[in-house]
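Structure, as structure tokens:
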Amino acid sequence: MAAVRRVVLIVIDSVGIGAMPDAADWGDAGANTLGNMARQRGGLPLPNLGRLGLGNLCAIEGTPPVDAPAGAYGRMAIFSHGKDTMTGHWEMVGIRPEAPFRTYPDGFPEDLIAEFCRRAGLEGVLGNKVASGTEIIKELGEEHLRTGWPIVYTSADSVFQVAAHEERFGLERLYEVCRIARDLLRPPHRVGRVIARPFVGTDRTNFTRTANRHDYALEPPRMLLDEVKDAGLSVLAVGKISDIFSGHGITYSVHTKSNADGIEKIHECLDRQEPGLIFANLVDFDMLYGHRRDVEGYARAMLEFDAALPAIMAKLGPEDVLVVTADHGNDPTYIGTDHTREYVPVLLYGEPIKPGVDVGTRASLADLGATVADLLGVPQTGFGESFADQIRK
């Protein structure tokens, strides 16, 4: 069989479809991002995703199963020990999990913070605890403006987040201290991501995070993107993809300010007509709505993405394949503010794909990476079981 010319892989960040068997171990029993959201609001009609088979994967009020899905469809488990962006995306490109990324539920050790301050030339930091990003700038933003000390916080994920005022502290200075933190937080600390979280405003009533977030990830081992690039193909990264992989295996990268901007950038990448992989992350579902438990905001974002799908599909050539998937769950109806341990959907569509094929429940997100490798005719990483033969015409 001839190789596919292009794969357009869109990660709709945090769109889970039901609790995994071990969800209770993570405090996530009964989580179902799409199912619970649809039920709570009395329906969530996603006709275009439904036509691809989304409603066949879990009960979504308003998006029923269809008898003849237009694409191949299935669900994937997260094999790795985690439920965060890094874990999901790294597994998806065939990176076999080693030790889990470390989390710091009690904040970071004092000696580590002291070394960070020494290297970064800081008198001190504020916070150093688990917190919501929007709440901690309300709590500590005014003190940050008085002292000039950045706000350090973490979450249930393996993240070292640094919030600072974009104008008073300075965006480039914020990026500089985050690069210093990234260098410090390598193994044995093994923090997955250092995240710069700039904000603006004058007091706690109007502090607002800006779109100039920047992620600094651990350096990944060899993975799918390297294989695609080394085969002479393009890897066009949209959104935070380049940050997640520290730029490895990427030939072109563009950051985005919103889902709508991300969809526009996907169109621009499609218009480039370069053979290879377009790899996009649309983060608003997770960042703006999942963590904030905003059911209506999340639902609106899903409706907008569903409405945008036909125009993307219309730009697919006869040798192109569209893949829609997610990296973890983040049920906006659930208690707390953290990600949820869920299965994620995988929907594949295009002229090379057999319609109506149920690929079942995959043991790992790496199965998708192995499948993309086979479709593009590049070597697999050795982690993940390809289902390309099931779905290719």
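Just so you know, glycine gets a Cβ as well, placed from its N, Cα and C.
Swiss-Prot lists ASP286, HIS291 as binding Mn(2+) 2, and of HIS189, HIS214, HIS339 the one it places in that same site is HIS339. Here the Cα atom of HIS291 (Mn(2+) 2 binding site) is found 15 Å from that of ASP327 (Mn(2+) 1 binding site). Look at the Cβ of each of the binding-site residues HIS291, HIS328, HIS339 and count the other Cβ atoms within 10 Å; the largest number goes with HIS339. Taking only the Cα positions, the spacing between ASP13 (Mn(2+) 1 binding site) and ASP286 (Mn(2+) 2 binding site) is 6 angstrom. In the structure as shown, the Cβ atom of ASP13 (Mn(2+) 1 binding site) sits within 10 Å of 25 other Cβ atoms. In three-state terms derived from DSSP, ASP286 (Mn(2+) 2 binding site) belongs to a helical segment. On a Cα basis, HIS339 (Mn(2+) 2 binding site) lies 7 Å away from HIS328 (Mn(2+) 1 binding site).
Under 8 Å, Cβ to Cβ, and six or more positions away along its own chain, ASP286 (Mn(2+) 2 binding site) finds ASP13, SER14, THR85, ASN330, HIS339.
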